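Lifted from TrEMBL, the feature list:
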- 35-51: compositional bias 'Polar residues' (COMPBIAS)
- 64-73: compositional bias 'Basic and acidic residues' (COMPBIAS)
- 80-501: domain 'Major facilitator superfamily (MFS) profile' (DOMAIN)
- 1-73: region 'Disordered' (REGION)
- 81-98: transmembrane segment (TRANSMEM)
- 118-138: transmembrane segment (TRANSMEM)
- 150-167: transmembrane segment (TRANSMEM)
- 173-195: transmembrane segment (TRANSMEM)
- 207-231: transmembrane segment (TRANSMEM)
- 251-273: transmembrane segment (TRANSMEM)
- 304-322: transmembrane segment (TRANSMEM)
- 342-362: transmembrane segment (TRANSMEM)
- 374-392: transmembrane segment (TRANSMEM)
- 404-425: transmembrane segment (TRANSMEM)
- 437-457: transmembrane segment (TRANSMEM)
- 477-497: transmembrane segment (TRANSMEM)
Amino acid sequence: MMGTEETDANTRRRTSMTSNPDENTPLLLVPETTGLESNSDQQPNGASTKSPAVPDSHGSDTGGEGRGEEAEEKPMPYRQILLLCYTAMTEPIAYFAIFPFMPEMIFRTGVPQSSVGFWTGIIESLFSLVQMVLMIFYGRAADRFGRKPVLIFSLAGMSVFTALFGMSQTLWQMILCRCLAGCFAGSVVTVRTMISENCTKQSQAKAFSWYMFTRNLGILIGPLIGGGLANPTKQFPHVFAPGTFFGKYCYALSTYVTGAVCLSATFTSLFGLKETLDTSDQSEAKSKSQLTTTEVLKSPGIPIVLLIFGYVMLMGLGYTAVNPVFLYTDVDLGGWGFSDQQIAGFLALAGASQSLWMLFAFPRLQKWLGTGNLLRVCAVAWAFMYAGNPLLNEVLRQGWQKAFWISWPIFLVLGSGVSMAYACIQLCLNDMSPSSTVLATVNALGLTLSSAVRAFAPVAFTSIYAAGVKGQILHGHLVWALLIVLTLGLNVLCFFLPREAEGRYKEPAQEAEGGGAERAT
């Protein structure tokens, strides 16, 4: 009798240890893995491998029956996530800090006024272009050598060359420094990967909402540093005399402070972050690291999710490029006729609205609807947001000023919710990773695509907008009609989202209860 009970108990334990996970299997903490669930042992954040259970990031063995309890007991590592979010903020600061003074800086090198716009676009794009070329390299390096070493390396390099940019005296020095800064802009790959590996599937939505918020904060802080500290001898003559170092190098103070921010993130990452790549099973890590980029691209679900990732970036960047020009354009040509101050107010409200959606609405909506369904909602809403711009122009053309000034803030606050699509597609990409050992490569592929879109989309969409306004095609609304049509493609693609990327997760307690019921039967 006792022998029979012992045999049954052993059988139940073996069953719980080898049962195949499904899309509702709860996620565990790193460093097991992140990504896609499959018919193999469940790893953190859903990535699948065939290795046995390994210690999590806190050194506890997690396997089989105890996994639901482990995920329930361990909260999100807030300190690690906050440090990673601070690090994430530095890349947009480094990218956007030069925007306010770039035209003047180029003009001072002797470039004719008529050519300043061309060279401004070239230099501002070089950062993204170089980043695009090297993104996969950083992803592969992070998968091989570890997340933290690659992160420290990229942050240190970006700190140096961002600071040196302000000392450029010729056009080619500016181009060289910008390219070298882009060479070290690999932190975005490792940060996204480490956030995913520090979270369970139940907590990653909140973590990535914080990540997106700090990225937006960096976009705001960068231009403030760049413009606020440029030409210090003119802005702060009592502190910086004209004949001093900062009198000769007018933009060095801006870039030095920007570089110092990046350097501070280097030290906080060096002393505060923990490595998240699992190296406890060397044979497994070696096996998975042998997956080539082509093999990763051919992994189930990766191509369609990458296509949707790029499409989402295209939709967002198309709006971002056109919107400031549209706001400035006269009403009778198809715009809103805003002044510089009104445009600044519009952008400030847009940034604040996006931050509120990401911080407070996204985690709850993702938990309620699931990642895939929330992405579909955003895809539908995007068409209405695009349509609101030309419709409100027609309101202005009719002279309905009061209706316009009441409507546009409401339209903007509600429309800013589509920014949740960026976080949704990032979670989808994480969930489709074949293994944690190639998660950085998967993220690098997505960001390479994003950088490519960022390199050409602004020029393409602003050119279409200019042509529509010049020819008064559709009352100057040609680009909005095109963007609305493009949203149809995104809606269609979302129906092909793989089941593993839908993001409908059970709570750990529910999963443990379900697992217990299965074992009882």
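Cβ from N, Cα, C; glycine included.
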Model confidence over the domain 'Major facilitator superfamily (MFS) profile' (80-501) (mean pLDDT, whole number):
87
Pairs of Cβ atoms less than 8 Å apart decide it: which stretch in 81-98, 118-138, 477-497 has the most with the transmembrane segment (207-231)?
81-98
Do at least three CB pairs under 8 A connect the transmembrane segment (404-425) and the transmembrane segment (251-273), leaving out pairs fewer than 6 apart in sequence?
no
